[in-house]
Structure formats: C-alpha cells, structure tokens
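S.K.: The structure that follows is given in the form of structure tokens.
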C-alpha cells in the first residue's frame with residue numbers, strides 16, 4: 001500500500017511538472033503564433049490592396065488609352081481588339097510565381113480530365129466568345145464617347161444576373177431586381193437620348209452601330225461570366241487558382257489567334273504601317289500606346305484573378321463594379337466629354353444599381369460563411385466544411 005502511494009505521489013508530481021512545462025510551452029507557442037498570423041494578415045491585406053489598385057487603375061487606364069489610340073489617328077478595330085488579348089503570356093508568369101509560394105499539391109490536384117477534347121472545347125468556346133466581346137467593345141469605343149461607352153458597358157452586371165438565372169439558378173432577390181432595373185434604365189437613357197451627344201466626329205449610323213456593339217459586348221461579357229461559372233462547376237469540377245488562371249490564359253490565347261486571323265483576313269494589316277507613320281503623336285507614342293493598352297489589360301486581369309484567390313469571386317466582382325463609374329469621370333477630365341443632365345442622372349442610377357448589386361452579394365457571402373461555420377467542439381466537421389470554399393490554392 002505504501003509502495004502504491006509512493007508511486008502515485010511520484011506520478012502526481014511528474015504530472016504537475018509535465019503540466020507546468022506544457023503550460024510554459026503553450027504560452028510560448030501562443031506568443032509566437034499570435035505574431036505569425038498577424039504578420040501573415042498584414043501581408044494578405046497588402047496583396048489585396050495591390051490587386052484592388054490593379055483593377056481600379058488599369059480598368060480606367062486601358063479604356064482611356066484605347067480612346068487615345070482612336071483619337072490620334074488609330075483606325076484599326078482589329079488592332080484595338082488584339083492589344084486587349086495579346087498580353088496573355090503575363091498570366092502564365094503570374095501563375096508560376098504565385099505557385100512557388102503555395103504548398104505542394106496533393107494527389108487530388110493532379111486529377112486527369114476525362115477527355116482533353118472537353119478541355120480543348122472549353123478553351124475554344126470561351127475564346128471565341130472573348131474575341132467577339134473584345135471586337136464589339138473596340139467598335140463601340142471607336143464610335144462612342146468614352147463616358148457613354150463605359151456607362152452602357154456597365155449593364156454587364158444586369159446581363160450577368162440575367163444569364164446566371166438560367167445557367168446557374170441565380171435567385172432574383174429584391175436587390176438584384178432593383179439592380180437590373182436601375183442599370184437597364186441607366187443604359188436606356190443614353191440610348192434614347194442620342195440627340196444630346198456631340199456626334200460631329202461620327203455619322204448617325206456609326207453612332208448607332210457603336211451603341212449596338214457596346215450593348216452586344218455587355219451582353220457577351222455577362223454570358224461569358226455566367227458560362228465560366230457553369231464550366232468550373234459542372235465541367236472542370238474544380239475551382240482552384242491554377243484552374244481559373246489557366247482558363248483565362250488559354251481562352252485569351254484562342255481569342256488572340258482568332259483576332260489575328262481577322263486582322264489579316266480583313267486586310268487591315270496592310271494599313272498599319274501608314275497608320276503608325278501618320279499617328280498624330282508620332283511613331284514611338286503609337287507603339288507605346290498599344291503596348292500600354294496590352295499591359296494594362298493583363299495587369300487588370302491579374303488583379304481580378306488575384307482578388308478571387310486572396311478573397312472571393314464576389315469581392316472581385318464587387319471591386320470591378322465599383323470601378324466602372326470611375327471611367328466616365330476620367331473621360332470628362334481627359335477628353336472633355338459632354339456631361340449633360342441625362343448622363344449625370346445615368347451615372348447616379350448606375351452607382352445606385354452597383355450598390356444594390358454589391359450589397360446582395362455581400363449578403364450572399366455572409367450567409368454562406370454563416371452556414372459553413374462548424375459547431376464548437378466538433379472538429380470532425382472542419383474538413384467537410386472547408387471543401388465548400390470556392391477557390392483553393394494549388
């Protein structure tokens with residue numbers, strides 16, 4: 001009995017000693033771990049801030065530079081389309097350097113697609129749609145003032161919600177309906193009120209063509225976004241960072257090839273030399289303008305993909321929506337676009353529609369996070385819940 005008591009006392013002392021040591025170790029680990037996440041959090045928000053700047057700045061810059069090209073003697077719509085796409089190799093570099101800081105992929109990340117034909121078909125279909133959208137937006141930017149062009153193009157949010165209703169079972173909540181209505185009215189005001197615009201530089205027919213092409217580009221962008229969401233969910237069946245980046249890069253590759261064919265088939269390539277020589281700002285500014293457009297579009301794309309990776313697709317879409325009203329304001333300053341009452345009212349309606357659209361997606365994301373929060377004390381639910389996140393690093 002005494003031996004048993006001695007053993008118990010010794011074990012008790014050992015346990016206390018172990019507990020004391022464990023507490024000290026836990027305290028040390030807590031101090032170290034509290035500083036590590038804080039440091040990582042700063043770095044994450046720094047990256048998010050950089051990506052937000054990329055989206056807002058390059059979205060406006062690429063549109064403004066596109067108009068600068070046309071204002072100073074540029075006439076090739078195919079060239080204006082090509083520079084939107086030809087910088088796609090930058091995306092492969094972005095993907096490579098982003099992957100170097102990610103953990104090693106698991107076996108699930110190396111899943112083979114059932115058919116390379118399916119994957120190729122996805123890139124070709126989306127690439128054709130991208131080329132059509134880019135060409136229509138180039139024609140619209142050629143014939144319309146920048147402020148009018150950007151406001152009409154903002155209706156892409158309404159088209160995105162419309163196509164998502166059919167392709168992705170998007171629910172029409174009061175905020176979405178309000179956004180659809182406001183953005184439609186905003187664009188309609190500019191379409192029906194063409195008499196107030198200064199159309200001295202283009203004929204009435206070309207102005208109408210510009211409006212039709214811009215609306216077509218807006219609808220095409222909405223269809224593309226909804227279709228990509230469907231493809232990632234139903235066809236590719238994984239929404240990883242590398243999958244999204246590859247999809248954007250390869251569809252840009254296909255679109256660039258299509259536009260190059262159009263450039264040579266139309267014969268516009270023959271006029272590029274004389275266009276450069278007669279460019280009002282000179283030959284070097286001509287090349288620099290086109291190069292800057294190509295770079296700014298790809299930096300914008302990097303910002304969009306980066307925001308999806310660091311935050312969510314909802315946040316990325318929201319930042320894109322916030323940036324759209326910036327272009328008309330910049331256009332008034334740079335190109336002295338006429339800002340009449342109807343255009344001001346259109347901007348107000350567009351901003352109201354953006355806020356309604358963004359707020360609904362904020363509610364959706366908040367609801368999604370709430371539903372994915374696991375109960376305290378039940379760690380077995382964590383792996384299953386983590387599997388529901390939209391974008392995973394690869």
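Just so you know, glycine gets a Cβ as well, placed from its N, Cα and C.
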S.K.: Looking at 344-364, 365-385, I want to know which stretch Swiss-Prot calls transmembrane segment.
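M.R.: Result: 344-364 is the stretch Swiss-Prot calls transmembrane segment.
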S.K.: Do at least three C-beta pairs under 8 angstroms join the transmembrane segment (289-309) to the transmembrane segment (45-65), pairs 6 or more apart in sequence?
M.R.: yes
S.K.: When only pairs 6 or more apart in sequence are counted, do the transmembrane segment (208-228) and the transmembrane segment (77-97) reach 3 or more Cβ pairs under 8 Å?
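M.R.: Output no: the transmembrane segment (208-228) is apart from the transmembrane segment (77-97).
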S.K.: Same-chain Cβ contacts of the transmembrane segment (172-192) under 8 Å, 6 or more residues past its ends?
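M.R.: Long-range Cβ neighbours of the transmembrane segment (172-192): 148, 151-152, 154-155, 157-158, 161-162, 165, 211, 215, 218, 342-343, 345-347, 349-350, 352-354, 356-357, 359-360, 363.
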S.K.: Which residues of the same chain, at least 6 past either end of the transmembrane segment (247-267), have a Cβ under 8 Å from a Cβ in it?
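M.R.: Hits for the transmembrane segment (247-267): 76, 78-79, 81-82, 85-86, 88, 91-92, 95, 122-124, 126-128, 130-131, 134-135, 228, 231-232, 236, 301, 305.
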S.K.: Considering only Cβ pairs within less than 8 angstroms, which of the stretches 113-133, 315-335, 344-364 has the most against the transmembrane segment (139-159)?
M.R.: 315-335
